[in-house]
Structure formats: structure tokens, C-alpha cells
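Features as listed in Swiss-Prot:
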type	residues	note
ACT_SITE	ASP333	active site, proton acceptor
BINDING	GLY191, ARG255, CYS256, GLY285, ASP286, GLY287, SER288	ATP binding site
BINDING	SER331, ILE332, ASP333, MET375, GLY376, ARG377, GLU432, HIS466, VAL467, GLN468, ARG469	beta-D-fructose 6-phosphate 2 binding site
BINDING	ARG368, ARG460	beta-D-fructose 6-phosphate 1 binding site
BINDING	ARG643, 701-705, 746-748, GLU806, 838-841, ARG918	beta-D-fructose 2,6-bisphosphate 2 binding site
BINDING	ARG739, LYS832	beta-D-fructose 2,6-bisphosphate 1 binding site
REGION	2-558	region 'N-terminal catalytic PFK domain 1'
REGION	559-572	region 'Interdomain linker'
REGION	573-941	region 'C-terminal regulatory PFK domain 2'
Amino acid sequence: MPDASLFNGTSFITLFAPNISLFQASIDFYTDRLGFAIKETSNQKLVWLQLEEDSNNVSIQLLLDPEHAASVSQIDQNIRNLTRSLYRKDWRSIQSNIAFKSSSLSKLVKLLKDGGHPVQQSPNEISPFEVYTLDPLGSLIGFSGFKNPFAVNERSLLPKVSEEKAYRTEDDSEKLFTPIRKTIGVMTSGGDSPGMNPFVRAVVRAGIYKGCKVFCIHEGYEGLVRGGEKYIKETQWHDVRGWLVEGGTNIGTARCKEFRERSGRLKACKNMIDMGIDALIVCGGDGSLTGADRFRSEWPSLIEELLQTERISQQQFETYQNLNICGAVGSIDNDMSSTDATIGAFSSLDRICRAIDYIDATANSHSRAFIVEVMGRHCGWLGLLAGLATSADYILIPEKPASSREWQDQMCDIVSKHRARGKRKTIVIVAEGAISNDLSPISCDQVKDVLVNRLGLDTRVTTLGHVQRGGTAVAFDRIYATLQGVEAVNAVLECNADTPSPMIAIKEDQITRVPLVDAVELTQQVAKSIESRNFKRAISLRDSEFVEHMKNFISTNSADHVPPSLPLEKRKKVAIINVGAPAGGMNSAVYSMATYCMSRGHVPYAIHNGFSGLARHESVRSINWLDIEGWGSLGGSEIGTNRTLPNDADIGMIAYFFEKYGFDGLILVGGFEAFISLHQLERARINYPSLRIPLVLIPATISNNVPGTEYSLGSDTCLNSFMEYCDVIKQSAAATRNRVFVVEVQGGNSGYIATHAQLACGAQISYVPEEGISLAQLEMDINSLKESFANDQGKTKSGRLILKSENASKVLTTEVISTIIDDEASGRFDSKTAIPGHVQQGGIPSPMDRVRASRFAIRAVSFIEKHSDKCQAFKNSISFRQTDEITSTAVVLGIHKSQLRFTPIRQLYDFESDVPRRMRKNIFWSNVREISDMLSGRTSL
């Protein structure tokens, strides 16, 4: 048995068991597995256990005491939670532990694993310093080979070998090292998409971090079938450096007819066994994932056939009994059910929107119509969101077909009305899978002929084609592809033979696992539903926001051109104001709010230049449709914005103008200043009846620091602008060799941008206000840089990036940190600073910010419609009381796990905000920081 002694010299420890079964199981665990002896049994409910060879007389007092013990359900739940996080989290960060010393960790690990006990080894299974396990009561028990638990420079636990024997044959190396946890193969298949490289990078580094070998399988299933070191290559940590910024897939992709046959899959099976691969991660479309799952289901029969034909040994047959498969969806079409977004979809949408923004200029110059064809096969997601983001005149998508006569009449009616009101350009977006309701395809040439023959428009056709696939991934795809890659590694490590093959999905902005077979089946049902003309079911199988986006496009597209949908008595006067610093999506929110109001019959007003503009200059203008045409694609704030609060501007005058214009509702678009403004307006209701109207805040700030939401307009635009800036800076650092750039990030006291930018840019280090900068951490980071550059000799892409939030430290400024690094480097590398400043606000808003601005604005108007009559009841009340019913009409509209929700400002201000620091109390991006540090190889104190 392994000898052990308690680190801190404690004389005894007491453990409580809730029932006789766990009491006896605990005795067996400590005696049979850990080498304890029963020292004393004074009664049937008390046992003293002591180590047989312990000079310190350390004992464990085990009591059968249901009153003081945790319940059986609590113990079971705790063990389940810890076991579930075995490969995800360090147990020491979750639960306190008892630490012992052991002179034979390998023997201890074998004893524990033979007994079926979960074992976590640190830092990895190849050369562990510490081992942790769980006893039957859920207690966390630790063992170390060090006399000092905090030592890290003790002798190596591996056998010493002479230099000439450092390189051994495969058989010899197996004797020197403990077995690798898993050998993972990762491949990309089907059509390429931006974000595949970040996904592969994450799989490689997460796998290595967790003690696995990782092989990249080149050329998709073709490479798997051909096999050999040319196609199946072991990949090291540094091999994937720089992959974040590269588009497409660096390991190649190809369609493989041979893999569709059993003979091809048999070859693939043999090739994987030859390389020792027992887990496969596939990034591709539904066809690729279907093939992977079929491969897994046939695996037992494939290895049986290989054994019978003597192509593998009996030992190999026993070793590779099971194959774990995990899929991730790489597709620009966003056509997979069970996930809200596929890897590459938002990057493709960005290409489309940029192209249409460029086309807008020439279309406007010549007063032309442009037909733009986008990809998508059976899915109209790209066409729909591109139409919404660019304010296209008309879209044709597979999910909403109409008869040939109907779509032609409808399109011509809308386009002619837009032209009649002074619009010079026409944009029609056609998805490549667009069909009429008789399933006949609709081509761009057909659409062109209709516009030319019926309206006499000078019309051009633009087919974007493979431009939509090209280029580097946007921030969203880099971040979520990386998170999915890490989760895919966790999945193959946690799955067993009975676990259905998982697919990594995004649901409600969270990375989740869904059964791969079910997701593929639902996806294929979309095509079947369209073929059977069941178009309602086809739409229902899309992501949760698809139908809402469709309705929003129809509503905003018909603004001011068709009779309003509300009766006269239901129509309102709705005002909108921008407050705080500019943010991408502000103009999109104003445009969508105004056009939706027009379609409903409301009168939209814009308050220019914030509350100071209203109080000092009565800057109120009703909004005309033609005046805001094209605003959805503009950055900044066309109606002006500043940081002046209502109390500072003169809240009495503000209330007066609200009364004068008879506003029935107000929408505020802005950041923390808008949050405080909403609070002040809500508080002032008791004195000013004109403020007793529905008040809605749409968060819009690059800092993403508004309480009540996990997403603010402008944050995605900021991330993309900052990411592009960092890509250029990192390129400069790499070209110069041995250079570090310390880049300052905006965001106030919020580390949201710095944290996500670290993941998107591949920065080695980020400092954020939530953590601050300690001298110990800075010293460790500098030592890490020294080691990193020392290991880079002869390697390319050797530049480094450090991100520092502007408020991470008042003393350790960007310049100071750079100077310290420069001094400590002693000429081995140098350090420079880069401060992008207000460049981070971005120019043209990202498609995500545009689309979400539209969704936010329309939901805000709907909220005002719903609560306006309720407010009217107490608007002129003399005895005004702030009841829950009243306070619920002044709200922040936010996203929580992809769901839009309205939260009263009073609740957020009183309980969920840190007003002095201009921050929310709940920090929801901590897990992203952990993953960022893991993938950059950084150790955080």
C-alpha cells in the first residue's frame, strides 16, 4: 500500500457518514485502497483509522452520524458534479481537500483506478506531481510526491535517461511514460468555412493541455482513408500558432466517395488504429457528421473484420474496442437544426453585408437595381439576415415561397412605392435555393427580367459566390469556434461506449451538447418539409430567432407604404434618444424603431443631441422615411449623443417638452449614462406626470457593462474593429521577431472586451479591472514570456500580444508595463505599446449589431404598445404611488442566454449594479478567461 502522511501534521480528521452502507464503504476505501489500519472501534458507530507506517500518528475519526453528515442525495450530487467536471476543472478550485504525501503515485493511481475511483492528476497524466480522488462520502483526498506541497522543483518523477538514450523506439517510450489519456484525431470535412482553423487550434491545444495526443487528419475523409504520416500528422502546441487569423481550413477538406463504402471505412479504421487514435472530432456539415456517426456505429464490426483478416493484433483489438466521436457544425449556411449558429455563418453574413454596402454606392449613383445572389441551399438564413441588416427592398428565400405571380406582384409593388417616395436604389437579395410554392427554382435572371420589363429599371445581377466563404473569421466565429473546440475535447474524454455521439451546439448563447443523430435528422426534415410544401414546419425547424427576424423584415420593409396595422385610437407618439458614447448599432435601432412605428401607425420622434439638446434647444424632430433611408448601415449616431444626464440638463424642462409633444413612450439607446438617465426619469415620475409613460432602455455600449443584459449593441462591432487592429499589430510583432506589443483596451471597469479579444486575437496575456494586476502575476507573466521566446528560436510567427484594460491598474499603466518588460528582457526581446483609442468604436456596424438593434427596437415599441394604456390610468393621478405595477413600466431590455427580457430599472439599480464603478455585479465571462489562459499557456495566480 502507498505510504502517506498528512502535510500539515494535524492529529486527526473527522468524517461523518449518513448511513451504515456508506460508513462501511468508507472503511473499506481507506483500508483496502489507501493502506489505513483500524486503530480502535469503541462502538459500532465510531472507527479510528491510522496509517500503518505513519510516524506522526495521523488518524481519521469516522462517525456514523446522520444528523451531522450530508444527506445521501447531497453526497451523490456532489460526486456526480465532481466526476462530470473531471476533465474540465481543477477539483481544488471547487472543493476543499485533505492532502497527503505518497512516495509511489503510480502505484496509488493504479490502486484507485482498479477500484473504479475517479482520479485527477496534476499537471498532467504523463508526469503528475499530485493526484486527487473522491472517497465514498464525497471528500476530496489529495496525494503528492513532494515533501513540501508548494514545491515545484523536486526531482523528476520520470526515470533518468542518458542523453544518448533520449530517443527510443515506440516500445521503449511506452515503458518510460504513463499512457496518454486519449489520442484524438481532428478533421474538417465538406465545404470550408471561416472559423474552422480556430476550431482545430482549440482542439489541438485543449487536447494537449489535458494530457492527450492530437493528430490532424488532412484532406478530410480522403486523408482518413489514405492514411499514413502524409495525411495523419501528430500536431504540437506551436504548430497551430497564428491559425486564428487564417480563413478556410489549413488541414484541408475534400469530398470522399470511397468513405461512403464499407471498404473505405475499413481502411479508415485500420489507419486510425495504426496511429493509435481512439477519439475522432469532425467539423463539417450534416453529411460529414452523418458519416462520422455511421463510422462509429460500424466500428465494432470493422475491428472484428480487421482481427479476423489478421490486419490488427489481438492486443490492438482489445485496446481499440470503442471509438468516441464528436461533431461540430462548420457551415456558412447556418442550416443545422438544434444550434443557433454554425461555425462560419456570421463571417459569411459579414462578407455579404460588406458587399451590399459597396454595391449601395454604385446603385445610388446610377439609380440602378441590383440583384444579389447569396448562398444557402435549402436555408434562407443568410438571405434573411442580410436583407434585415442592409435594409434590402425585397428578399427571396426557400422558407417563404409564393406563387410566381404573387412574388412578382409583391416585389414590384414594394419597389415601385420605394421609388415613388424618392429612393434611388433597389436591392433584391435572392438565396440560391429560392423557390416558388410549386417548388420551381427562382433565378436571378428571372428577377432581373421582372424589374426590367415591368418597372423599366436599369438592373444588374451580382453573384457573390465563393467570396462568402473567404477571408478571416469575424470575432463571433473565432470565439465560439474556439469554445466549441474546447468542449469537443471535453466531450470525447467524458463519453463512453453507451453515450450517443454528441454534437457541439450553441443554444441561448451557451455551448451545449446535443445528440448528433437527432440534430442531423431534424436538419434533413427541413429539406423534406420544403419538398412536401410544408413550409410552416420548415421555418419551425430553424433557430429560435428566425421567425422573429422574418416578421421584423416584413414590418420594417412595408413602413409608410401600406395602411397601418393598428386602428387610429391605438396609435401612439414614440420618442427615441441616444445617450452616452457612440456605439455601433445606434442608427440601426433608430431606423428600425421608426420604420416599425410607421408600419403600425405610430408617429416616431427623434430627440437630437441627447437630453441637453432637448432641454436647451427643444431638439425634437418627427422622423421621415426617406430621411433615415440607409441609416441601418451607418456607424456613430446620426441624431447625436452625449453623456449629459436628465438631472444635469434640467429634468423640469425635459418633462415640460414631454408634455408639450405628448409622448406616449420613450426609448433610450445607450450605455451606463442611459442606465442612470432611466433611473432618474423613473424617480422623477412622482413629481412630473408627463414622465409616467413606458420607458425602455436598449443597451448600446462597447463596454457591455449595462446591468440586465449580457449583450449591448456596439460590443460586437468593437470586438471586430479591435480584433482587426490586433491582427495587424501581431503581424508586425511577428515580422520583427522577438517583440511584444502591449495594447490598451477600452471598456472602463469592464473586462468584457479584453477577455473576448484575448480569445479572438490569440493574445498571450490580458489584464482586466475585475482582477487587477499584482506584481506576482506580472513577474510570472514576464518569466513566461522569457521562456516562450527562448523556445521560439528558429520558429516563425514569434510575436506576442498583451492586452491591458485601461482601468486594470492606475499604477501599472500600459507604458509602465511595457517599460518593465523591456527592462526585464535584457535585450532578448523588446516591448512596444499600441493604443487604438476610439478606433475601437468601429466604423460600419457589424451585421450582428444591426440585426440585434432591429430586434431590440421592435421589441421596445411592442412593450410601449402593451403598457401605454396601463400608464395612462395613473398618469394624472394626484396620489401617485410607486407600486410594482408602475415600476415595471420603466425597464432595461436585455439579452439573457439569447432570450430577450424586460427588467425593471429599480430592481437592477438597487440590487444588480455597482454604480460607483459603473458596472454590473454579476460577471458572466469568467469561464471565457479560464479558456483564454488555457489556450495561451498562461498560468494565473
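Yeah, the Cβs are placed from backbone N, Cα and C, and that goes for glycine too.
Sequence features annotated in Swiss-Prot and their locations in the structure.
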residue: ARG255; record: ATP binding site; DSSP class: coil
residue: SER331; record: beta-D-fructose 6-phosphate 2 binding site; DSSP class: coil
residue: VAL467; record: beta-D-fructose 6-phosphate 2 binding site; DSSP class: helix
residue: ARG643; record: beta-D-fructose 2,6-bisphosphate 2 binding site; DSSP class: coil
residue: ARG739; record: beta-D-fructose 2,6-bisphosphate 1 binding site; DSSP class: strand
residue: GLN746; record: beta-D-fructose 2,6-bisphosphate 2 binding site; DSSP class: coil
residue: HIS838; record: beta-D-fructose 2,6-bisphosphate 2 binding site; DSSP class: helix
Across the region 'Interdomain linker' (559-572), average pLDDT on the 0 to 100 scale: 86
DSSP state at ARG460 (beta-D-fructose 6-phosphate 1 binding site), helix/strand/coil: strand
Tally of residues which DSSP labels helix, strand or coil - the region 'Interdomain linker' (559-572): 3 helix, 0 strand, 11 coil
ARG255 (ATP binding site) to SER331 (beta-D-fructose 6-phosphate 2 binding site) - Cα separation in whole Å: 15
Rounded inter-Cα distance in Å - SER331 (beta-D-fructose 6-phosphate 2 binding site), SER288 (ATP binding site): 11
DSSP-derived structure type at LYS832 (beta-D-fructose 2,6-bisphosphate 1 binding site), helix or strand or else coil: strand
Pairwise CA distance, ASN704 (beta-D-fructose 2,6-bisphosphate 2 binding site) versus LYS832 (beta-D-fructose 2,6-bisphosphate 1 binding site), rounded so that it is a whole Å: 28
GLU432 (beta-D-fructose 6-phosphate 2 binding site): tally of other CB atoms within 10 A of its CB: 23
Spatial separation of ARG460 (beta-D-fructose 6-phosphate 1 binding site) from GLN746 (beta-D-fructose 2,6-bisphosphate 2 binding site) - C-alpha basis, Å: 43
Neighbours of GLY191, ARG255, CYS256, GLY285, ASP286, GLY287, SER288 excl. site residues, C-beta within 8 Å of centre, ATP: SER189, GLY190, GLY220, GLY284, GLY291
Residue pair ARG739 (beta-D-fructose 2,6-bisphosphate 1 binding site), GLY287 (ATP binding site) - Cα distance, angstrom, rounded: 44
Binding-site residues near ASP333 (active site, proton acceptor), in sequence order, restricted to CYS256, GLY287, GLY376, GLU432, ARG460, VAL467 and a 10 Å Cα cut-off: GLY376
Cβ atoms near ILE702 (beta-D-fructose 2,6-bisphosphate 2 binding site) (within 10 Å, other residues, all chains): 31
